[in-house]
Amino acid sequence: MKAKQVFFSVLLFGTAGLLLFMYLQAWIEEHHTGKIEKKRDQKGVSVTTGKIQKQITNQNSEVHMPEDLKKKGGDLLNLGSPTRVLRKISHSQRENGAYRSTEAHQGAKIEVFQKPIQMDWPLVTQPLNKSLVQGNKWKKADATQEKRRSFLHEFCKKYGRVNDPKFNLFHIVSRIYVEDKHKILYCEVPKAGCSNWKRILMVLNGLASSAYNISHDTVHYGKHLKTLDSFDLKGVHMRLNTYTKAVFVRDPMERLVSAFRDKFEHPNSYYHPVFGKAIIKKYRPNASAEALNNGSGVKFKEFAYYLLDAHRPVGMDIHWERVSKLCYPCLINYDFVGKFETLGEDANYFLQLIGAPKELTFPNFKDRHSSDERTNAHVVRQYLKDLSTAERQLIYDFYHLDYLMFNYTTPHL
């Protein structure tokens, strides 16, 4: 009898102890997780955006807000707030410059996020040093540049004020390439001459003697260039405030069609299986087994459906992402605004401004598919014919901010 009592007593105390242990463990985990989430919310750098105004004028042109945006009345430059801090992985691992969480990084990089500092947004635009530009050769280019800088500055002053959403500094600068010798920051905009700009940066860095001898794979997969998010916070802050910051843009419709032609009309081991298969599966009724299997043959109309779909089967890509989301012009306040439409003149003028070697000129060759006709307004019209007027309007609305801030003419839809 005593043995039974002892056995039941031990069993009872053991059960009670186990329950107590489980309760304490759950309480500790919940308490600890709460602290972590609270700390996470405190990390990062705060930036700010502003309210929609009704219109903005340049010296010779007026930019009108789309009617639907006037009705919405929200923040024009709504940056959003990512749930995790993102960092770029190797371009050789994924052609579109995918992202991963910085939580996978070790050491000093994590320390950066534990000690946030306040950035003064927007950054102050630096006056261009024109002491190295001689004669009247660049007079027209200089006048054009001043108009663009002034227009973007006025646009951001009216539309780009902020109300304090949190956004991480390292995400904002993740597409900016650094050339320390000539103190240049170049924000990469795919399909706006970025491959040749990377060639120029490699020459300026002393990594190559000529921009004409660097292959496409070396440019994009060689990992020769540093992006601004690879530096610590002090290094990022110093470069943003002292280096010459440049961005080169392109008419949004031309850039979109150029990206489609490059990625979907030619063999591609990444875009066809990753994007093509998902697009065909969702937007092509009765798709063939072959198309579903290899993702080749995406039509522009199907691509447009994907672009405009709030529930895309696969995420956005830098080749057709908006410049406002790639380079954050109203936060970075770029010192030089070049355009693809005047790329040669703009780029060579910029090289003069930064004191590049006299023999270095911007390459004018087509990086890939050289036999294809360049994407221009005529080519764009051929692709837009496949879309209804409403669909064309929706694409314009998608890129409306890029049209507005860089003073591009509204297309005839």
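The backbone N, Cα and C atoms fix where each Cβ goes, and this holds for glycine too.
These come from Swiss-Prot:
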| type | residues | note |
| --- | --- | --- |
| BINDING | 190-196, 250-258 | 3'-phosphoadenylyl sulfate binding site |
| CARBOHYD | Asn129 | N-linked glycosylation site |
| CARBOHYD | Asn213 | N-linked glycosylation site |
| CARBOHYD | Asn286 | N-linked glycosylation site |
| CARBOHYD | Asn294 | N-linked glycosylation site |
| CARBOHYD | Asn407 | N-linked glycosylation site |
| TOPO_DOM | 1-5 | topological domain 'Cytoplasmic' |
| TOPO_DOM | 27-413 | topological domain 'Lumenal' |
| TRANSMEM | 6-26 | transmembrane segment |
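Under the DSSP three-state reduction, Asn213 (N-linked glycosylation site) is assigned to helix.
A count of other CB atoms within 10 A of each Cβ picks out Asn407 as the most crowded of the glycosylation sites Asn213, Asn407.
For the topological domain 'Cytoplasmic' (1-5), the predicted model reports an average pLDDT of 63. Here Met253 (3'-phosphoadenylyl sulfate binding site) is positioned 27 angstrom away from Asn294 (N-linked glycosylation site), judged by their C-alpha atoms.
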